[in-house]
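Database features, via Swiss-Prot:
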type	residues	note
TOPO_DOM	1-17	topological domain 'Cytoplasmic'
TRANSMEM	18-38	transmembrane segment
TOPO_DOM	39-54	topological domain 'Extracellular'
TRANSMEM	55-75	transmembrane segment
TOPO_DOM	76-95	topological domain 'Cytoplasmic'
TRANSMEM	96-116	transmembrane segment
TOPO_DOM	117-136	topological domain 'Extracellular'
TRANSMEM	137-157	transmembrane segment
TOPO_DOM	158-168	topological domain 'Cytoplasmic'
Amino acid sequence: MVELESQEAVTVASTADIAVDVSLRLLAAATSLAAAVVVAANHQQRWGIRVDFTLFQVWIGFVAVNLVCTVYAAATAAAAARKAMGRWWLHHADAVVVNLEAAATAGAGAIGSIAMWGNEASGWYAVCRLYRRYCNAGAAALALSLAAVLLLGVACARSRYPKMPPTT
């Protein structure tokens with residue numbers, strides 16, 4: 001006997017499943033917001049030269065993407081709390097946001113790597129020996145952003161095959 005897709009038993013999401021989704025998304029929002037705030041508030045002045053995140057377009061993009069991810073993760077956490085998960089668009093939107101966050105983190109990490117170790121072939125010198133506090137804050141922001149990527153990635157994987165929320 002052939003079972004049709006419409007005849008499959010529907011697995012209903014438990015309260016614990018919904019709590020996990022909400023928690024993942026709220027943690028992702030918090031870590032993404034923290035990364036944006038750390039970078040935006042990060043500056044150091046030495047020998048009359050002030051460095052801050054506006055010196056590099058990649059850091060401006062990093063802050064913007066992290067703020068967008070914060071808003072998205074908080075909004076989808078609210079949707080999960082209202083049991084509106086399992087919509088057809090959610091996994092696709094999750095995948096886009098995870099990839100944006102990963103790209104922003106990778107781009108900022110590449111610039112941070114050059115700042116840390118330099119690149120003699122292109123004439124870029126390591127500046128983290130001079131601006132240690134600035135670089136340490138940048139590294140902390142990258143770690144927070146990577147945590148947001150991982151949390152959003154797990155939420156994205158969970159949204160791929162969602163359990164349907166219980167009907168009330």
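All positions are counted from 1 along the displayed chain.
Note: Cβ is positioned from N, Cα and C throughout, glycine not excepted.
Tertiary proximity for the transmembrane segment (55-75) is limited to same-chain residues at least six positions away from its ends with a CB under 8 Å from its CB atoms, namely 25-26, 28-29, 32-33, 35-36, 39-40, 93, 97, 100-101, 103-105, 107-108, 110-111, 138, 141, 145, 148, 152, 155.
Residues 60, 62-63, 66, 108, 127, 130-131, 133-134, 137-138, 141 of the same chain, all 6+ positions outside the topological domain 'Extracellular' (39-54), place their C-beta atoms under 8 angstroms from a C-beta of that stretch.
Within the model, the topological domain 'Cytoplasmic' (76-95) carries an average pLDDT of 74.
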